[in-house]
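**Q** The structure under discussion is supplied below as C-alpha cells; questions concerning it will follow.
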Amino acid sequence: MSWPYSLLFNGVFRRMDPERAHELAFSMIERAGNVPVLRDIVQGVIAPYLGQRAGGPGSVRLFGRVVPAPFGLAGGFDKNARAVRGLTMLGFGFVEIGTVTARPQPGNEKPRMWRELDVRGVRNRMGFNNEGAAVAADRLRALRRTAAGRAIVVGANIGKSKVTPPEFAAADYAMSARLLAPWADYLVVNVSSPNTPGLRDLQATESLRPILEAVRAAADEANATVSTGADRRVPLLVKIAPDLADEDVDAVADLALELGLDGVVAVNTTIGHNRGPGGLSGPPLLGRGLEVVARLRERLGTGPVIIGVGGITRADDVRAYLRAGADLTQGYTSFVYEGPLWASRINRALTRSAGSTASGRYE
Ligand SMILES: Cc1cc2nc3c(=O)[nH]c(=O)nc-3n(C[C@H](O)[C@H](O)[C@H](O)COP(=O)(O)O)c2cc1C
C-alpha cells in the first residue's frame with residue numbers, strides 16, 4: 001500500500017462499513033471515468049500500455065481481440081456495467097462486469113460484506129445484487145457507440161436469478177446471455193458463487209451441460225439477429241469454485257472440451273473458512289487458485305482459455321498464474337487494500353517484463 005492511499009484507507013475507508021466504502025470509491029471511479037479530458041490524462045499517465053491496442057509487449061491475443069495487458073478486473077466489482085471507462089482509466093487490461101441476473105434483484109440483507117484485515121481479505125454474501133441483464137446490456141450498448149468504448153475488452157458474467165428454481169436455470173441464464181452477448185467480448189457462466197442457494201450444485205456436469213448448451217444457443221441467436229457491425233460467435237467461459245474436489249475440476253474441464261467451450265475462469269470465493277457467513281477472497285485463495293489453474297491446464301491442453309483469479313496482490317502473483325497455465329488474470333480484493341494505482345502498478349511491471357508463457361498467446 002502506498003502511503004497516500006494508506007492514509008486514506010486507515011483514516012476514512014477503514015472506519016466505514018465496507019459496502020459503503022465500496023460505493024463511495026466506486027462512484028468516484030465512475031464519475032472520473034465520465035469526464036473525458038480527466039480520464040484521458042489519468043489513463044495516459046498511469047496506464048500508457050493501454051494505448052498499445054495494436055499489441056505491445058505483454059498484450060495477449062484472445063477472443064479475437066488484443067487484450068492490452070494481462071491483468072483485469074474480476075466479476076463483482078462493477079455488477080451493473082456503470083464504471084467500465086473509469087476502471088479502464090485506472091489501468092485494468094480488461095473489465096468483467098456482473099454478475100448480472102435475468103431479473104433485477106436486491107441481493108441479501110445487509111451487512112453482507114466484511115473486511116478480514118488479518119489476512120488482507122474480504123468476506124461477502126452479497127447474493128448477486130444487480131439491476132438486471134437488460135439494464136447492463138443497455139449500458140454496454142451505449143459504451144460500444146464510441147470508438148474508445150469499443151476498444152475496451154469487456155466480459156459479461158451471468159448468474160441465476162434467486163427466484164428461479166434450479167430446474168429452470170438454463171432458461172434464466174439464456175435470457176441474460178441473449179441480452180448481453182451482442183455487446184460483450186466474452187460471456188462467463190457463473191455457477192460458483194456461494195451466496196445464491198443451490199447455485200454451486202449447478203457445477204455438477206449433468207446440471208451444467210444443459211445450461212451451457214442453452215447459453216451457447218441463445219448467444220448465437222442474439223448475435224445473428226442484433227446488428228452490432230460484427231458477425232461473430234461470442235466466447236463462452238464457465239467460472240468455478242476453489243472448493244471443488246480435484247475430480248470435479250477435471251469433470252468440468254472434460255465437459256468444457258466436449259462442448260467446445262472457450263475457457264474457464266478459476267476461482268471464485270471460498271467457503272473453506274470459519275470466519276462467519278459468505279465467501280472469503282484475497283491472499284488466502286492464492287495457493288488453491290494456482291493449483292486449480294495448473295490442473296485445468298493439464299487437462300484442457302492448449303486450446304481453451306484460462307483466466308486465473310484469486311489472491312493476486314502483486315505482479316509476481318500474476319506471473320505465477322501465467323506460469324501455471326493462465327492466459328489472463330483478474331483481481332478484486334487487493335484493490336481494496338492497495339488503492340487506485342494497484343492495477344496500473346501490476347500491468348506496468350508486466351508489460352515491461354513481458355516474456356513467453358505456456359499459451360504462446362503473448363506478444
Ligand atoms: C465483494 C465481492 C463480490 C463479488 N461478487 C462476485 C460476483 O458477482 N460474481 C463473480 O463471479 N465473482 C464475484 N466475486 C469473486 C471475485 O470475482 C473473485 O473471483 C474472487 O474474489 C477471488 O479474487 P480476489 O482474491 O482477487 O478477490 C466477488 C468478490 C468480492 C470480494
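Backbone N, Cα and C atoms are what each Cβ position is placed from, and that goes for glycine too.
So TrEMBL says this about it:
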type	residues	note
ACT_SITE	Ser193	active site, nucleophile
BINDING	Lys79, Asn124, Arg125, Met126, Gly127, Phe128, Asn190, Asn195, Asn268, Thr269	substrate binding site
BINDING	Thr99, Asn157, Asn190, Lys239, Val267, Gly282, Gly311, Tyr332, Thr333	FMN binding site
DOMAIN	61-351	domain 'Dihydroorotate dehydrogenase catalytic'
**Q** For a quick check of packing: other C-beta atoms within 10 Å of the C-beta of Thr99 (FMN binding site), how many?
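**A** There are 28 of them.
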**Q** Anything within 10 Å of Asn190 (substrate binding site)? Look among the binding-site residues Thr99, Gly311, Thr333, comparing CA atoms, and list what you find.
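**A** Neighbours among binding-site residues, in sequence order: Thr99.
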**Q** To the nearest Å, how far is the Cα of Arg125 (substrate binding site) from the Cα of Thr99 (FMN binding site)?
**A** 13
**Q** Have a look at the binding-site residues (Gly127, Gly311) and report the one with the fewest Cβ neighbours inside 10 Å.
**A** Gly127
**Q** Looking only at C-alpha atoms, tell me how far Gly311 (FMN binding site) is from Ser193 (active site, nucleophile), rounded to the nearest Å.
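**A** That comes out at 16 Å between the alpha carbons.
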**Q** In terms of Cα spacing, which of the recorded positions Ser193, Val267, Thr333 are within 10 angstroms of Gly127 (substrate binding site)?
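**A** Of everything listed, what lies within 10 Å of Gly127 (substrate binding site) (Cα to Cα) is Ser193.
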**Q** Taking Cα atoms as reference points, rank the recorded positions Lys79, Ser193, Asn268 by distance from Thr333 (FMN binding site) and give the first.
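**A** Comparing Cα positions, the closest of these recorded positions turns out to be Asn268.
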**Q** Rounded to a whole angstrom, what is the C-alpha distance between Lys79 (substrate binding site) and Thr99 (FMN binding site)?
**A** 6
**Q** Which residues of the same chain, at least 6 positions away in sequence, have a Cβ lying under 8 Å from the Cβ of the residue listed as 'active site, nucleophile'?
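**A** Long-range Cβ contacts: Thr99, Phe128, Gly159, Leu199, Arg200, Asn268, Thr269, Gly279.
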**Q** Where the record says Lys79, Asn124, Arg125, Met126, Gly127, Phe128, Asn190, Asn195, Asn268, Thr269 bind substrate, what is the longest distance in Å from one Cα to another among those residues?
**A** 16
